[in-house]
């Protein structure tokens, strides 16, 4: 047994299971205490004490502090007394450990000022910023929302509205009338679970017509930012402008990180799990049709301390040498310091012990610290002393292959380190050309033969005693490769095999392991491409086995060096061969763009792998800002880019357009994958060459000239500050008048001039311009200035009621030529207002029209006025008419249907009109085939009618009363074809009359017809 210090038996030093954490205590907390946790596993159990700002707390002398187990409870905390850095010290007989430090801070969020906020007045179309100005608070982390008019109505955020989570300010890119209201900034502190809101800020949009447009103007600008490795950060960028600006992000020295996300309509760039390679300058660009704005700032990446080499608990021999080493990475580089049993020792990276003593035993802590944090590594060092023993690690039985090597280990437990020697049987062994005794006591034998079989004994001795252990060495036949794999050449998609066979000791199992470029092939996961076949043959002493490898549907990544390892429990041998897979070229690398001009750029790239088939040609492709994901083949110089080229000029590009390029290589075996896209570049600006199209116009309000065109598409702007120059003149004038329109999306221009004669012929042409100059004019178009509104009043207006709902009106046409038509308005004199009048429009060729949808028995006023594109002329004098009474609302009641040879007699009762209905002038009977809306219409002043019976099909008879007010409600009866009077025949008919349903039973006997009618 090992001798330990007198108080050591079975036990161990403290190991923390729970440590204090940073705590924010709300100043308004109803719970008047703070609990700092500390618990350590130890045997014997640990005792605890606490430090505040590196000074031991006097638990007996301060009634604010109480120790509960290992936890520190602070009762009735006081801000100026109990804020600080706390650490727990756990100790027992084996030593002491200090926990990580944790801070106590008091959290608060004051109320907003009670002063009223001033109203904000903004023109419609302009941007607005409402300032939050949060009240004093701790900690800094706040979340912001804005209330509209009343709680809890929060404004939704979209591409037009944005709330900065840095300042709390509300930004509206362009204000419209719907933004009118009272706004309040709502601030929450998640650390103390408290929220407050500001006084309301009235926002008053001011109407402006037309609404002006404004260029993009970035108001939310992310600052230079420092992030920690593994951290998530968010960069904010938002712009004012009309139209609403589009936000785009880029990294100036490379692609945006793969772990990025853009949200809030572009206003947020999230970088997740930040790494060192994400460091760099980031740019946010805001653009709309009026202009662009850019902002750049740097993201620096630093790191919390992290152990690259640490300490662990260990036992060491007395009087031995030992070094404890700690190495930590981080940015800035961490500072290293050491503690033993909670007290600091000389700060350095390593602790070196020369000749350990029992006093060196204890609990050690290595602490690495930079401005971002602190990490701790804890370990127990035990110094021991004991005589040699092989109880837990005796010398083992070993196997060795003939002509191979074997190492027999000797690892007794002993302190201090023992001297070691070996014997075979009774023969002591010494170092020779074949036999070596290592420093750690292991015995190595080279070029093993059968004569080396036998018992081997290891002897160990130190100043506290001696011991020995014996093991047996057996010799087996060596494993040899008998069939090695050979080099193979295939094309992509083909299959091949590699042979491998070996001889081995028949008493040993053998396995064949295949590797590709040093990586073991996983036949389960890669079974679709690799299979292995085994064959085993056994002889008396030697066995023979093979492990053939089948490679199916070869891919380019299957090329490489294949190694077959024949392996037994005792030895192994290897043989290798190369597989060449020929296929389409790999992607080209490093596509770069230079010599950027208005319509061309030069590309250079590095050749990718040709995959053992020479590259025959390259294809250059591009995509621009407008086509997004649509890659298109580029026009190049030379037109055909040969396979040995590494540069080409791309032609026929658009000026002032953002492009990306990629290169695709082709050989005789196919076309390879495209290269990664080049960095985005923008061609130089140039004078526009495309003119607006579809020039036209005319019409409009009096004394105006309206000019219209189709705007130029954005890819043809060719530069900044794009707009239009409109030239126009009367046909016979020599001098052109010119105006400038700065909006690229404008579609029309209205020239107002009181001196412009109506319907005057003008010549018009339009051209584009930008910062580089003016483009060509469009084709000249002929348009006419607006007409004057008609001044003549229609006369001889007369009208007549046709029924209860219709009337006719007529008039004499006006003599003016510039008339497009007439508007007729009519309304009830007593019940309706003139503003709610009904309107009918007819062309200038008409001088009468029918008025419909009128109310029965009503007095109407009617007026007529001429109009053209400039507006409406003066109205005529009002004409008054009175519509007829309403037609009968009740349908006739059909009382009979009698068959008379080839005809049928339909009879009905007289309809009595109500007091407010027109008198009956007669009846209309519509006789139509079922399923059709038209038929033969009969009129009669009688209450019956004879109708012919058709031989085929069903027919419907509709009967309605007729009056001066129009046609009344309808009654229907259905008649089936082939109906005739025959002996001993009967029929049954259902028919409807208004709201009544009748059943008519007919029975024929000889020449007599019996009828029974039941009405419900």
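Please read every residue number as a count from 1 along the shown chain.
Every residue gets a Cβ built from N, Cα and C, even glycine.
Copied over from TrEMBL:
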DOMAIN    14-105  domain 'Ig-like'
DOMAIN    122-197  domain 'Ig-like'
DOMAIN    215-300  domain 'Ig-like'
DOMAIN    305-382  domain 'Ig-like'
DOMAIN    388-476  domain 'Ig-like'
DOMAIN    479-574  domain 'Ig-like'
DOMAIN    587-686  domain 'Fibronectin type-III'
DOMAIN    691-788  domain 'Fibronectin type-III'
DOMAIN    793-886  domain 'Fibronectin type-III'
DOMAIN    888-982  domain 'Fibronectin type-III'
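The average pLDDT computed over the domain 'Ig-like' (215-300) stands at 94. For the domain 'Fibronectin type-III' (888-982), the DSSP counts in helix, strand and coil order read 0 helix, 55 strand, 40 coil. According to DSSP, the secondary structure content of the domain 'Ig-like' (305-382) in residues is 3 helix, 50 strand, 25 coil. Helix, strand and coil counts from DSSP across the domain 'Fibronectin type-III' (793-886) read 3 helix, 48 strand, 43 coil. Here the domain 'Fibronectin type-III' (691-788) has, by DSSP, the following mix of helix, strand and coil residues: 3 helix, 49 strand, 46 coil.
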